[in-house]
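Annotated transmembrane segment per TrEMBL: 12-36, 60-79, 91-124, 130-149, 161-181, 201-220, 229-245, 274-296, 303-326, 332-354, in sequence order. Residues or ranges marked as domain 'ABC transmembrane type-1' in TrEMBL: 157-351.
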Amino acid sequence: MNSLRSLFATPASALLSLLLGALALWIFLGLARWALFDARWEVIYNNAQLFFLGRLPPEMAWRGWGLLAAEALLLGLGMGHLGARLGPAGLALLVLAAVVVGVVLFPHSLALPALLLAGAYALGNLARRWGLALGLTAIGVGVVLLLPIPIQLWSGLMLSVLLAVSSMVLAFPLGLALALAKAGRLPLLRALATGYVELVRGVPLVSVLFLAFVTLPLFLPEGFRPPQVLRAIVGFTLFAAAYLAENVRGGLQAVPQGQREAAYALGLNGFHTAYYVVLPQALRAVIPAIVGQFIALFKDTSLVVLIGLLDLLGMAQAVLANPLYLHREREVYLFLALVYLAVSGTFSYLGRLIERRLGVGSR
């Protein structure tokens with residue numbers, strides 16, 4: 001109520017609020033009219049499996065959906081552990097959303113997968129006693145489902161998620177090590193870490209991807225050429241680690257020197273001081289920056305289309321090249337924007353849950 005009152009506190013703010021409200025209403029009505037009467041959404045629901053699973057043959061589609069369900073289970077476990085548990089109303093809304101998306105909007109391709117993903121998320125979110133066992137089971141099932149799929153067939157949203165998650169997992173320890181080396185007392189390690197971070201941050205991501213794509217095989221034994229997906233993961237990892245190192249270094253500088261001195265006074269060595277005293281406070285302080293870096297990394301996976309990989313954006317371009325779907329760019333790119341928004345919003349929500357759990361911004 002106070003927020004609404006502040007919009008009309010003065011004549012100028014009231015006039016500005018009315019103008020912006022009218023503009024927003026005009027844009028919304030125009031989009032709604034286009035979406036309901038002019039848009040041709042068959043390009044989306046006829047190619048839904050291509051967008052999500054890419055070039056997987058029909059006999060392997062269940063593996064792709066199972067992999068995404070395992071990731072939904074892990075997501076539900078994480079959110080449930082961080083306090084965002086589903087109540088009866090939330091569970092009902094989740095089932096309703098799955099029915100609307102899978103049965104109404106995509107009746108021929110996503111009915112069972114949508115219900116599977118919703119059920120996996122709900123199971124993970126509601127699990128309490130068996131959280132660790134379910135998490136390990138989901139990881140194991142995901143690996144078992146993924147390994148038989150030829151890496152050349154990884155594409156669509158599945159490829160985007162795998163690239164982002166793999167690069168995040170690999171970049172975090174590398175970025176942490178670079179931050180500690182850059183903030184450490186050893187001149188050689190500090191110089192190497194500083195040079196690496198400044199070099200990588202000084203070039204665009206596209207250059208790093210092409211470098212990993214072209215030069216990586218030169219450093220490997222003759223006759224061994226890693227797949228394009230692995231080269232892309234290496235490029236994303238090297239790039240994200242440099243930015244992550246700067247984020248963590250900022251957190252290290254935010255820890256008061258007295259914390260280190262107190263740890264040394266208690267008899268802790270350098271490793272224990274960093275592990276038990278400095279790093280927990282540093283990482284807690286830079287959680288928003290780390291989450292933002294991970295979101296940017298997921299969105300940057302769309303650049304792999306430049307090196308010949310068909311991620312979500314690449315599959316969209318392949319669909320638009322079909323003569324049956326000429327001039328359907330608005331529908332396709334709006335759908336892609338909604339998918340990226342949903343995934344990025346989920347990462348952002350997880351970040352807020354972690355901040356609330358750790359008390360970031362409070363004492």
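Placement of Cβ uses the backbone N, Cα and C atoms for every residue, glycine included.
Since the structure is predicted, the reported quantities are computational estimates derived from the model, not experimental observations.
Counting Cβ pairs closer than 8 Å to the transmembrane segment (229-245), the top stretch among 201-220, 274-296, 303-326, 332-354 is 201-220. If you look at the transmembrane segment (274-296), the same-chain residues 6 or more away from its ends with a CB under 8 A from one of its CBs are 164, 168, 176, 180, 240, 243-244, 247-248, 250-252, 254-255, 259-260, 262-263, 268, 344, 347-348, 350-351, 354-355, 358, 360.
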